[in-house]
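S.K.: Encoded as structure tokens, here's the structure I'll be asking about.
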Amino acid sequence: MIGDIRETKECQLKDPMDLFHSGQVVKICAPMVRYSKLAFRTLVRKYSCDLCYTPMIVAADFVRSAKARDSEFTTNKGDHPLIVQFAAKEAQVLCDAARIICPFADGIDLNCGCPQRWAISEGYGACLINKPELVKDMVRHVRNQIDNPKFSVSIKIRIHEDLKRTVDLCQKAEAAGVSWITVHGRSIEERHQPVHYDAIKIIKQSMSIPIVANGDIKTLKDAENVHHLTEADGVMVARGLLANPAMFEGYEETPLQCIQDWVDIALEHGTPFTCFHHHLMYMMERITSKQEKKVFNVLSSTSAVLDYLKDHYGV
């Protein structure tokens, strides 16, 4: 990490809020465990992604361990604007993590939406939507302790069955100085049920800060529809970008040039084979036959993958 970061010192950090004032819908790459790392962020930025998040990092580990910092966070000059997402449950720990990251990123995001059992049992993620005072306290602490006024502090939430509680949470966060709020339009229990875009619209109408809509956005057309349905200021995409990193550029499926770009970027960044291969499996899902998948998905080395791509796609 340190080598990458030194280089970043020379870069100009950006104010992510400028994106929300541009009058355009802000196109955002979601925090994805294992996947939204530097190499993938570099790829989606080539294809009209405006803002990228890191995968969720546990703030306490990040503050405590240099090893965690080195393995969890890498960046470089072109990797901006960048939001680092933290899981945290104590205001001071979140502040300490924000202070470490502040010279190298453009903002932090507090994860209040992860529904995984381990996160909730540790007091992280989606259980925070039931602790509005704690969320307010954490946002306010970071606001008060980070000197840079351009450094953003956002939160990503799920919704309650009783939407009044979600609006109350959002208003408390706004009063504490949150920059924007990303709303995944499902409750903690919901996984594959339809997204409640109507709920995101109600939240948007109750707030004066930017709101980002998240959930089931697979194409640029979906993004435009969700913007119209919710009036949100931005759209955040996870699986849709995994399947097609060129989605925000309007491609219906991953173009071969994007696959070529991924190969070049991943090799340049020294991306571990499993991650390199998994991304390609996602990207090629729609453009390969069942038979081809059977062969491609069990390849076990970078050279085998490169040979396959060259032979079958001229990549």
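Positions of Cβ are set from backbone N, Cα and C atoms, glycine also.
Just so you know, TrEMBL annotations never went through curation; they're auto-generated.
Feature table excerpt (TrEMBL):
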- 29-292: domain 'DUS-like FMN-binding' (DOMAIN)
- P31, M32, V33, Q85, H184, A238, R239: FMN binding site (BINDING)
- C114: active site, proton donor (ACT_SITE)
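What's the neighbourhood like for each of these?
M.R.: In the predicted structure, the domain 'DUS-like FMN-binding' (29-292) carries a mean pLDDT of 97.
Shown in sequence order, P55, A238, L242 are the residues of the chain, 6+ apart in sequence, with a C-beta less than 8 angstroms from the C-beta of M32 (FMN binding site).
The Cβ neighbour count for C114 (active site, proton donor), using a 10 Å radius and every protein chain shown, is 22.
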S.K.: Using a Cβ cut-off under 8 Å and a sequence separation of 6 or more, which residues in the same chain sit near P31 (FMN binding site)?
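M.R.: Y53, T54, P55, M56, I83, Q85, D109, N111, K156 - these are the non-local Cβ neighbours of P31 (FMN binding site), listed in sequence order.
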S.K.: For H184 (FMN binding site), which residues in the same chain are close in space, meaning a Cβ under 8 Å from its Cβ, but six or more apart along the sequence?
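M.R.: In sequence order, G113, K156, I157, R158, I159, V195, N214, G215 meet the Cβ cut-off.
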S.K.: My understanding is the cutoff is Cβ-Cβ under 8 Å with a sequence separation of 6 or more in the same chain; which residues meet that for R239 (FMN binding site)?
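M.R.: Counting only residues 6 or more apart in sequence, the Cβ neighbours of R239 (FMN binding site) under 8 Å are K218.
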S.K.: What same-chain residues, at least 6 away in sequence, bring their CB to under 8 Å of the CB of V33 (FMN binding site)?
M.R.: P55, M56
S.K.: Tell me, how many other CB atoms lie within 10 A of the CB of Q85 (FMN binding site), whichever protein chain they belong to?
M.R.: 25
S.K.: Applying a 10 Å Cβ distance cut-off over all chains shown, what neighbour count does A238 (FMN binding site) have?
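M.R.: By my count, 21.
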